[in-house]
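Right, one structure below, let's go through it.
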């Protein structure tokens, strides 16, 4: 027997129901946002930070294509599109010094310490590494936000942007599922936002089990998991219903 769908706001508007795990979730696209996390050369392109640090980025191309599809559908349905770029200033002041755990745990910073010739090239604002991949181009009306840590809510105006627009539902895509995507969704959960991940529009940093573990955590404890085709179907005109 199917579980009932969830609806956070019954105050009216054009609503749609997205089939997801562990249950369907109902939302108003015009009061929702698609969050595109860190689709930069650093994370999705050979020669970028993840590749140079020893992570496999060979299967990111389908993810890029799926994000293109999801963004197009979301924009047509009136959803706000928010793009994140992870990184720091050219001097890495924003990355933190030895007194910051980020200094010790960031694989980008560790890679540059091991390979000094890369200093200033990884995740530095203005660098090729920091730029979004060529296939994904923000459009007028989209919002592009820099972030200095894994979570898109930390030291950014994201929560204020969402609350000022009455946005409670967030649909996540991007890289890496087990790091910045999950971190941002978790923080959103603590701030009373409903988070959905489109699993085929995300990619892990590390082995495949890291992707599976992150999705398990999300659907079991923090949010919902769906896919791009189901998301696009939910945003088709025939899927909308007015809820009084």
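Using the three backbone atoms N, Cα and C, a Cβ is placed for every residue, glycine included.
Here the Cβ of residue 38 (active site, proton acceptor) has 25 other Cβ atoms within 10 Å, regardless of which shown protein chain they belong to. Among the features that Swiss-Prot reports, active site, proton acceptor is placed at 38.
Sequence annotations record features per position, and here Swiss-Prot assigns active site to 147 based on sequence analysis. Within its own chain, residue 147 (active site) has 84, 85, 86, 154, 155, 156, 180 as residues 6 or more apart in sequence whose C-beta sits under 8 angstroms from its own. Residue 147 (active site) falls within a strand segment according to DSSP.
If you look up Swiss-Prot, you'll see 180 marked as active site, nucleophile.
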